[in-house]
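Swiss-Prot annotations:
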- His37: active site, proton donor (ACT_SITE)
- 30-37, 147-150, 184-187: ATP binding site (BINDING)
- Gln61: beta-alanine binding site (BINDING)
- Gln61, Gln153: (R)-pantoate binding site (BINDING)
Amino acid sequence: MKIIHAVHEMQDYSEALRKAGRRIAFVPTMGYFHEGHLDLMREGRKRSDCLVVSIYVNPTQFGASEDLEKYPRNFDRDSQLAEEVGVDVIFFPSNAEMYPVNYQTYVTVEEVTKNLCGLSRPGHFRGVATVCAKLFNMVKPHAAIFGKKDFQQLVTIKRMVADLNMDLEIVGMPTTREKDGLAMSSRNVYLSPEERESALCLSRSLLMARERYDQGERDAGRILQSIKAYIESVPSTRIDYLKICSTTTMQDVQSLDQESVLALAVFVGSTRLIDNHVFGEELNIR
């Protein structure tokens, strides 16, 4: 497995692969891998001759009061896990490589970023879109693999790729979960044992919503009201947002007659967790 730090070296490496007719798959990450990351890498391995994984904790997608400085990092552990699942290249750039002196250019995706995380984390998606656009130009992948747990992020990146005529496929993969249903996240390490139990309210909310949907309920307000009451009864929780939105526009819907996603962000203690379920799709929670 090769480790690349410099942008020009990554670009040269990928260009040589493309000229040789080799297919590149790419998994962008912020590191501190869990099984969800590894599932994305396994999918990338199936789809490519060369699998590139980036590890970069992108400062432009964190707000001033967020967890940039304490975000978990362990490169040695990550590189070992990556090698075990067959990663060919880890791209591990510095801030100076990604955002050099006099950097001035940012990518803004408009409508699909105005709700949910876009409301509660101003500037977040500008940072996400910018770093992904830059990474796509550096790695030059044929396909990039993203998890559906960050559903709004996936929609945003697909919109950017379509609007800017980027020549790559964006692949969304199902959320990887712990055995008890909690969506895997690098931030789960922040949770105390008591908070870890309370965090199950997110996945249980999805199950509640799916049950109501399967029983024929299509009124978004009634589904949200029952979930809100449940989460508010769980210790150490505070709802950031709880909404049912269109899967294409990410705007609130009143009825689930169109393709819709339940999206929620909940603070458990001081840790902000997200989860979602697209109604009508499989929900891999027991």
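Cβ coordinates come from backbone N, Cα and C, glycine included.
By neighbour count, meaning other C-beta atoms within 10 Å, the densest spot among the recorded positions His34, His37, Lys149 is His37. The two recorded residues, Met184 (ATP binding site) and His37 (active site, proton donor), have Cα atoms 9 Å apart. The binding-site residues under consideration are Gln61, Gln153, Ser186. Their Cβ neighbour counts within 10 Å are lowest for Ser186. Sequence-distant contacts (6 or more apart, same chain, Cβ under 8 Å) of Gly147 (ATP binding site) comprise Gly36, Asp39, Leu40, Leu154, Gly172, Met173, Pro174, Thr175, Thr176. Within 10 Å of the C-beta atom of Met30 (ATP binding site) sit 18 other C-beta atoms, taking all shown protein chains into account. Listed in sequence order, Tyr71, Pro72, Arg73, Asn74, Arg77, Asp78, Ser186, Val189 are the same-chain residues six or more apart from Tyr32 (ATP binding site) with CB atoms under 8 A from its CB. Most other Cβ atoms within 10 A: among the binding-site residues Gly36, Met184, that distinction falls to Gly36. For the pair Gln61 (beta-alanine binding site) and Lys149 (ATP binding site), the C-alpha distance works out to 17 angstrom.
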